[in-house]
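Copied from TrEMBL, the annotated features are:
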type	residues	note
REGION	523-552	region 'Disordered'
TRANSMEM	66-86	transmembrane segment
TRANSMEM	98-117	transmembrane segment
TRANSMEM	129-149	transmembrane segment
TRANSMEM	169-187	transmembrane segment
TRANSMEM	199-217	transmembrane segment
TRANSMEM	224-243	transmembrane segment
TRANSMEM	281-301	transmembrane segment
TRANSMEM	322-345	transmembrane segment
TRANSMEM	357-375	transmembrane segment
TRANSMEM	482-503	transmembrane segment
């Protein structure tokens, strides 16, 4: 498909005035404050949990590894079931239950950490293992609740409020500071999806700084007290704010397409009800936005981010903790810049092409990470037998001996590790543009009655590839083998970019008009959603038949 064909408006798309949502900035501000409180609590705990496990078991990283794998597995197995539950229950009541489980489970873990750290010298080792087991078990509940909250708000509430107004999903104007909105200094339009991402990124910068400062200047158990108190107090505020949002838009949020099954259809489901993830995956695969979702999931199979594994590697290579922290924050700032540029790209090039830009921008920056394996100072020497950190053994013939030997040479150059972290920092720009694009595509193209199921399936797919990353690290755990993980990560991002590009050339123009000033009329949008519903009916005819019986 040529560029001229992509730039021509589809024949079945009518050029009309863009609809405007009747829900103003006040509703959005309530939503953003609630998401800020929730995201801040999550970020504080995610930063601290690894440190707490190390404090409870200083001899090895086994607790951290088991916790990471357990959280991935529980999301893979149950995220789709959580999504189905969200689809079948009223919005406000289901979100209230989610918030209770999310905040109170994190608070419970924090209290448990306070007890364990405060009495660490007197607690027997067997009981310490039991405490870590409780932390992992309660952490699974907290992880599922966090996923449920994100699915409910970003994939359902946002679409119900602003789904008919593409300007609000990817606004043509971005704003300078969210603070201006709070005081209503400027009557600006707010990009809903990008703003939620900015909130999460800003929380990722500031929450670890606060938590780390408390740990450094007081103690770790006091930081756990802070986290517990935050989650308990913020629970009340979050419930209040989401209730305000609900009542300000009760006409749309109270209406929800029912997907309840009759007792007869439940009996016919048989074993499938015990594997909702596979059932949801079938529905997911039938949608026209399946390949963009797969591309997004492939981005999770990478070590090229500032996670615990990469932090350990770059510190072992000699990078200081202070510089690493600064680069971590800079990476989040680069991601925030991407969320500001995203609406501009959507306006200028269209939603689908914006995704192409995002995926390939990320891949191009990761070339720097790949080059870091072959420059001075690298510890990656796959063709050498011996490697000690950044020190390598080189073979040499000794005239006085029949053994080829030479004492190892050490390189103190930091060029390789600096090139690696620079590539990781810069790739955040394309990463969040790609993430926002796929999120909006799924918001616009997934029917209302299965949004939760598809959102849960997407999270399961993301966690599956994330778990593959952990598996590869377990198989190749040595620092000198980290280069293999860099290569596999770059390959994964390349495959994601390639798959999305092929999809955009083959079918995307039939779904989302690439022209900047074209908006789908309500009739045409409904016809596209009807085609999606027909595909789902072919996959899941029992559910649709039961729904038709209920409607009659």
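Note that Cβ sites are derived from N, Cα and C of the backbone, with glycine treated the same way.
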#### Entry: Non-local residues, at least 6 beyond the ends, that sit with Cβ under 8 Å of the transmembrane segment (281-301)
80, 355, 359, 362, 431, 434-435, 437-438, 441-442, 445-446, 450, 453-454, 457-458, 460-466, 468-469, 488-489, 492-493, 495-497, 499-500, 502-503, 507, 511, 532, 535-536, 538-540
### Message
Does the transmembrane segment (66-86) come close to the transmembrane segment (199-217), meaning at least 3 CB pairs under 8 Å for residues 6 or more apart?
### Response
no
### Task
Please work out which recorded stretch in 66-86, 98-117, 224-243, 357-375 has the most C-beta pairs separated by under 8 angstroms from the transmembrane segment (322-345)?
357-375
#### Entry: Interface check, the transmembrane segment (357-375) with the transmembrane segment (482-503), three or more C-beta pairs under 8 A
yes
### Query
Do we see three or more Cβ pairs under 8 Å linking the transmembrane segment (98-117) and the transmembrane segment (482-503), pairs being at least 6 apart in sequence?
no
